[in-house]
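For reference, TrEMBL has these:
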DOMAIN    41-289  domain 'G-protein coupled receptors family 1 profile'
TRANSMEM  25-48  transmembrane segment
TRANSMEM  60-82  transmembrane segment
TRANSMEM  102-120  transmembrane segment
TRANSMEM  140-158  transmembrane segment
TRANSMEM  199-224  transmembrane segment
TRANSMEM  236-259  transmembrane segment
TRANSMEM  271-291  transmembrane segment
Amino acid sequence: MPGENLTTWSFFFLEGFSKYPKLEIILFAFSLVMYLVTLLGNSTLILITILDSRLQTPMYFFLGNLSFMDICYTSASIPTLLVNLLSSQKTIVFSGCAVQMYLSLAMGSTECVLLAVMAYDRYVAICSPLRYPLLMSRQVCVQLATVSWVTGCLTALLETSCALRMPLCGNLIDHFTCEILAVLKLACTSSLLMDVTMLAVSILLLPVPMLLICISYVFILSTILRISSAEGRNKAFSTCGAHLTVVVLYYGAALYMYLKPSSSGSQQIDKIISLLYGVLTPMLNPIIYSLRNKEVKDAMKKLQDKISSHQTHERI
């Protein structure tokens, strides 16, 4: 029927991994454990950066933002995934789908910018240590974090509003979440505005920050190699190595998802990749930073000692 293309759907079906019912139980346990570890790890990291005065520095300020972002990012989609993995009716209402799409895009986009900001912070700390307190003052750090959040939230708002205006010819989303690329596959017609918007935002938030990160690390590496002290080199490599690990994991998956041709790749592979950067990376972030950072490990030990002494005092 001519008017069928303009139907406004009140809810959507999320296909997820329903073609593999035996796999769903494994994925439920896998996703639940990773989500709980993500909440615990990132919450602990935020807590110790607030409580320990030694960690109230620009690097840990940005790391706290990253941890909060990861909590919001996973909470936007993983609870829905967990419910649907155990449910025969894998549905989500239109408003819930719109909110989920926006939050996922906003947090993911903000993280792209924030990782570039964190690379700049490491560049200033290692290449211009004497000017570091001036160049990375509290005011500058807040401004850089604000730019990251505003850029991510506005670009997500633009993409989501454009996507929600598209006429959809069905309500079966071949994904476990309202991921924008999966939703756009339901569009009845192609839209030049939507295509240009997605391409412009993807270039702005993926190759551009990646280029800035690469440039920063070229200067960082050349400076580290000139450090005469072995201890100084090891400390610089440790903090930068943690950041680079997160960058490779996150950007690698995001570049594959958003800059590959829409006709290439399997939707099942896309779902697995989405799990990698949507669940695994947020879980690994606090682990990577804490395991490779002596200051974080010392702060965690100090916090554990305080808790233990408090419990001992209560028993007495």
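A Cβ is built for glycine as well, from the same backbone N, Cα and C atoms used for every other residue.
Counting same-chain residues at least six beyond the ends of the transmembrane segment (199-224), those with a Cβ under 8 angstroms from any Cβ of the stretch are 109, 112-113, 115-116, 119-120, 122-123, 126-127, 151-152, 155, 158-159, 233, 236-237, 240, 244, 247, 251, 254-255, 258-259. Against the transmembrane segment (236-259), the recorded stretches 25-48, 102-120, 140-158 differ in Cβ pairs under 8 Å, and the greatest number is found for 102-120.
Here the transmembrane segment (140-158) has Cβ contacts under 8 Å with residues 58, 61-62, 65, 102-103, 105-114, 117, 120, 197, 201, 204-205 of the same chain, all six or more residues outside its ends.
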